[in-house]
């Protein structure tokens with residue numbers, strides 16, 4: 001089924017007769033508060049009566065003060081907090097019919113027939129059972145004279161929508177569950193911190209991470225920190241695993257590596273079903289290798305801390321979509337889970353997802369390991385393949401001849417053009433190792449176009465890129481210089497090094513440069529090689545992709561800074577902060593940071609604003625302050641307007657807010673480029689580069705003659721690899737020209753603009769802002785392949 005994005009008109013107050021409740025159940029995860037906030041505020045916008053059910057199903061059974069009406073202020077200043085403000089508990093009573101009968105009565109007395117369930121597969125299964133029994137529960141309540149027949153008729157259908165909150169990412173049907181990205185942040189922060197002490201003392205660290213039945217955290221954490229060995233439930237090693245582990249670690253030490261990291265998921269076991277614990281691994285290393293091995297059990301640290309920007313935005317989108325799904329539900333509607341498919345919020349039948357999730361557990365219990373990995377989805381499968389390849393010490397012998405030359409080896413080059421961005425080094429490492437694994441030779445071009453012309457080119461070996469994944473910046477060096485006017489010198493260098501395929505990693509400049517080189521193919525035969533671009537810039541302003549490498553790290557930096565800036569006004573007086581973000585003419589950072597930071601407004605170039613809009617926002621801020629809100633946050637993209645500068649907006653708010661609030665201005669600058677790349681950027685760089693190696697090899701193979709001369713003339717041999725909707729896509733550069741605004745260096749169409757109405761709905765106080773209605777995009781269910 002092809003996906004369709006339907007625009008629907010949602011009028012303010014259009015659902016006045018409906019009652020909706022939101023609750024969190026099971027284990028907590030970071031981002032749940034953002035989901036609760038989005039559900040509540042979207043429901044208030046639509047005119048519903050909204051309730052919190054505190055302490056999960058237990059609160060539903062107990063009733064009384066556990067079910068409280070929520071208002072706009074109930075969910076203020078919670079988006080940045082971990083855990084769940086409404087509490088979560090495991091509930092034995094709800095498992096019994098008598099408990100569910102009490103819960104049904106408590107809901108009916110308050111007119112609640114719409115439930116948003118935020119939890120894991122157990123919580124969602126319980127909610128579905130409750131929905132199926134609803135009619136018989138009501139019959140019993142009427143029979144007991146607990147409710148009237150009028151109430152039974154009025155509330156005869158219960159609608160439920162699920163949101164999956166779980167740090168394990170163990171739910172089939174969604175690419176990411178709420179909390180997983182933040183848990184990965186905690187794991188990577190811990191490993192990055194431990195690496196320095198391990199390096200100092202030549203230690204082996206064994207890190208135990210959560211994941212009793214799912215190895216996602218261990219697997220992706222291992223990819224993001226270059227772990228030497230991982231143990232996960234879906235890929236149990238053979239009983240001789242101690243031999244393989246020791247052989248791998250010993251080889252790495254002899255190759256000069258000072259630190260080793262082994263990650264163990266808490267549910268790890270061998271093929272016979274015997275558990276493998278961190279203690280077992282330490283014992284093996286101590287006895288056989290005599291290494292100084294230490295154990296770190298992360299435990300509940302992974303559940304804690306502030307949610308990442310990704311989890312906040314995911315929860316905002318899912319929470320709003322859950323409310324809309326409930327409002328549109330009919331008595332015949334199948335209950336759905338709001339899932340993430342690639343970069344799209346979709347609705348997926350709840351029980352299909354639950355059954356598939358349970359099928360994974362069944363496959364593992366029956367020792368059908370390959371089936372278990374397959375059921376986890378393509379994303380998990382590819383992560384596993386990538387991990388296995390990248391952690392080999394040496395490329396496989398069968399890909400090389402007796403002289404050590406690659407049997408089907410080509411000569412590839414990689415370079416950066418543009419500003420540095422986090423994730424570039426991870427992409428280079430992956431590109432180098434994937435290519436060498438195949439038998440290719442890889443050249444690293446230092447300092448972009450200028451370095452190429454100067455001959456600053458060297459062959460990169462397998463161990464040259466060790467330890468690159470977790471490092472920010474660009475180790476190869478990068479400059480913004482474009483090739484225009486220097487084609488002759490560039491062609492001469494490509495000829496000198498016999499380059500047969502080129503990868504360019506960088507921002508808008510890399511896309512522009514690749515296009516310029518491809519345009520000169522008729523004049524310079526050396527340019528008739530396959531060329532591919534990986535977009536890498538915090539601005540996220542490159543056409544042909546929805547995310548560029550580095551923008552997640554930039555977004556997290558801004559979100560974290562906004563949290564700190566806002567906290568600086570805690571306990572003092574009413575204050576508004578005006579913050580300027582980077583991004584050139586692209587408003588991605590300002591908009592998404594606004595959504596993740598709970599900003600009141602975000603001014604960007606793509607959405608024109610007038611003095612009237614600014615005035616309206618000042619009045620809105622004043623009315624919020626008058627009703628007890630103590631802090632306001634305004635974001636402005638650096639090139640949002642030539643005349644309405646950050647200073648102008650700051651002065652306007654300062655003048656108009658006299659007597660009500662004070663105003664402060666912050667220009668964030670280069671700290672937004674980030675320190676250490678986020679797990680998202682590390683893994684995106686790793687996967688994208690792996691795909692580029694396969695693509696370059698396929699293009700060279702199809703266009704090479706007997707003498708080894710590559711002749712690529714067709715437009716589809718110069719491409720940009722991007723994430724588009726649900727999958728990775730290689731887009732010919734010539735096709736992207738029509739989609740590009742070269743003057744402002746931005747794409748003409750940008751997916752995130754459809755999130756701006758959501759930003760305004762979640763920021764506007766009911767009494768402060770009256771509008772007839774608002775267009776917001778409702779994204780429908782889709783069953784195509786997810787981004788893998």
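The backbone N, Cα and C atoms fix where each Cβ goes, glycine too.
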Candidate from 19, 27, 31, 211 that Swiss-Prot assigns to the same ATP site as 90, 91, 120, 121, 122, 123: 27
Site of maximum Cβ density within 10 Å, from binding-site residues 27, 120, 122: 120
Residue 168 (active site, proton acceptor) versus residue 301 (substrate binding site) - Cα distance in angstrom: 13
Residue 123 (ATP binding site), number of other Cβ atoms within 10 Å: 27
Recorded substrate binding residues, 166, 167, 168, 203, 210, 211, 212, 266, 294, 300, 301, 302, 303 - maximal Cα separation rounded to whole Å: 32
Candidates 91, 301: member of the binding-site residues with the richest Cβ shell (10 Å): 91
Pairwise CA distance, residue 122 (ATP binding site) versus residue 210 (substrate binding site), rounded so that it is a whole Å: 18
Greatest inter-residue Cα distance in Å for the ATP-binding set 27, 90, 91, 120, 121, 122, 123: 15
